[in-house]
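Sequence annotations record features per position, and here Swiss-Prot assigns repeat 'WD 1' to 57-96. Among the features that Swiss-Prot reports, repeat 'WD 2' is placed at 145-185. Residues or ranges marked as repeat 'WD 3' by Swiss-Prot: 188-227. Per Swiss-Prot, the feature repeat 'WD 4' maps to 237-276. Taken from Swiss-Prot, the feature repeat 'WD 5' applies to 322-361. Feature annotation from Swiss-Prot assigns repeat 'WD 6' to 446-485. Taken from Swiss-Prot, the feature repeat 'WD 7' applies to 489-528. Swiss-Prot lists 534-573 with the feature repeat 'WD 8'. The feature repeat 'WD 9' is assigned by Swiss-Prot to 579-610.
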Amino acid sequence: MSEFSQTALFPSLPRTARGTAVVLGNTPAGDKIQYCNGTSVYTVPVGSLTDTEIYTEHSHQTTVAKTSPSGYYCASGDVHGNVRIWDTTQTTHILKTTIPVFSGPVKDISWDSESKRIAAVGEGRERFGHVFLFDTGTSNGNLTGQARAMNSVDFKPSRPFRIISGSDDNTVAIFEGPPFKFKSTFGEHTKFVHSVRYNPDGSLFASTGGDGTIVLYNGVDGTKTGVFEDDSLKNVAHSGSVFGLTWSPDGTKIASASADKTIKIWNVATLKVEKTIPVGTRIEDQQLGIIWTKQALVSISANGFINFVNPELGSIDQVRYGHNKAITALSSSADGKTLFSADAEGHINSWDISTGISNRVFPDVHATMITGIKTTSKGDLFTVSWDDHLKVVPAGGSGVDSSKAVANKLSSQPLGLAVSADGDIAVAACYKHIAIYSHGKLTEVPISYNSSCVALSNDKQFVAVGGQDSKVHVYKLSGASVSEVKTIVHPAEITSVAFSNNGAFLVATDQSRKVIPYSVANNFELAHTNSWTFHTAKVACVSWSPDNVRLATGSLDNSVIVWNMNKPSDHPIIIKGAHAMSSVNSVIWLNETTIVSAGQDSNIKFWNVPF
């Protein structure tokens, strides 16, 4: 029997940047979409989250990924101009080759219909595009003729082959081949061209731009055949930049995504809009990308939300929420059915653990990085953030009601949070204070050191504060006052502390990779003399199992390690690369055998760790 297994994954959302198109890929069957965040490529089923695959072999930030029409390989690009071609049929995703295309970010990739050639465009120094054979990397032509960065590229899916591209010089170019050479450019747009796409049979292609227009062309020679116009607007398709377009599988319709916060469905025969789908009213509701697979129409909002669009009804059937910035804290509800996660931008998500369905807590509780989040048996949510506030979000409806959050201003920046199970006591470790919140009243106690983390015993008797002075300061808690009863010296700055659920032990971790448990009853002396230093980098977080027997730690070394207090000399369970290429920022136990981890990669993973 394996020591551990991953049982679930709640994946990151796509990385987004305002005013920049998000290019999506999909599998030949149309049952999965592909997007990028960090150094990873995500292949996500449109029907569920359970079978998400993550490719993590890029050394630099990824930008775009496209699977070949054969379905056997994927080509993914990064900000340094590298295109990696890797196997999609095996979970190990064996690398076939890496092609250095140019010296800047790859913005779009396209395969030919034979899965032999790849065109990649972007923002290089010497060139903005390249076409090559996928198996050898040999050049198969020259994509020149546009004066500025190329944003979009597409292969004609039928012979005679063509390549089209859209550029920041406001033009659309067409190339003949193979080998491919420049044929002509078309200046139908007055601003940047964001997207160009062929229809499924290659008879037509369309382009979109920052001028809000969508232009239709003949697929072979690029002759302009029409312009899509919304009668409610003046000679344009959208009132904002159009960042993406996609053809329906039957080629009779086009869907467009725009900065005007709408998605529009167009009839290709009439060049008229059939459905206008408003997504929202906020800046983050701008639509940056869209793809119409054989099974779903999917768009990406500026905040990374994944929208599943019903083109027949002109509505959004489902929205997938999540994070696309580092997850900094986790907490689960008392009944173990709901998970709360917080990130570096101040967002909080609630997750149904059994299904993976998520919701964003609106309005946002904080505007900056959340450093601590805790739930109570009453369903309330306590949070602290770099905005120097401790907030209490009351239970409401099916989750929490952030519109009724109670804010408490702190005198210095909070770095950690501990809350009693009933919510009667909350303690925040601040840069220059210990903040104690009890029954609606906030008391701040000055300290002479800089704190880094905090823990509260379940009986509310002790508070342990980890310091940047390489010491654990243990206090006796009496009402809203504390008195220091023990100082424990470590070899390096304390990174996390936690009391066991029965109050028998206190564990502390530090930057020197050490995990050290102490006996509370024995005046916080060492609980054992074994050296728990299996991590290879700073330990970032720690959590006790409900039965007080095991504890889990997460580290900058990408791993999660499970330690056993009953067998301190045994080799621990090491989940190496639990979050590949990413620090593990938070770990919690759901039950005696299930750990949840979250990392810098914005992913949440569930691990079964049997005894």
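Cβ coordinates are placed from backbone N, Cα and C, and glycine is handled just like the others.
What you see is a predicted model, and the numbers here were worked out from it, not measured in a lab.
For the repeat 'WD 7' (489-528), the residues of the chain that approach it from at least six positions outside its boundaries are 452-459, 461-462, 464-472, 474, 535-544, 546, 548, 551, 553, 555, 561, 563, 565, 568, judged by C-beta separation under 8 angstroms.
A contact links the repeat 'WD 5' (322-361) to the repeat 'WD 9' (579-610), because at least 3 Cβ pairs that are 6 or more residues apart lie under 8 A. Below 8 angstroms of C-beta separation, residues 3-4, 495-502, 504-505, 507, 509-511, 513-515, 517, 527-528, 579-589, 591-592, 595, 597, 599, 607, 609 of the same chain, each at least six residues beyond the ends of the repeat 'WD 8' (534-573), sit close to that stretch.
In this model, the repeat 'WD 2' (145-185) carries an average pLDDT of 97. With a threshold of 8 Å between CB atoms, the same-chain residues lying at least 6 positions outside the repeat 'WD 4' (237-276) that come near it are 19-24, 30, 191-192, 194-195, 197-201, 203-204, 206-214, 216, 226-231, 282, 285-294, 297, 299-300, 307, 309, 311, 314. Cβ atoms under 8 Å from those of the repeat 'WD 6' (446-485) belong to residues 415-421, 424-425, 427-434, 436, 438, 491-499, 501-503, 506, 508, 510, 520, 524 of the same chain, restricted to positions at least 6 beyond its ends.
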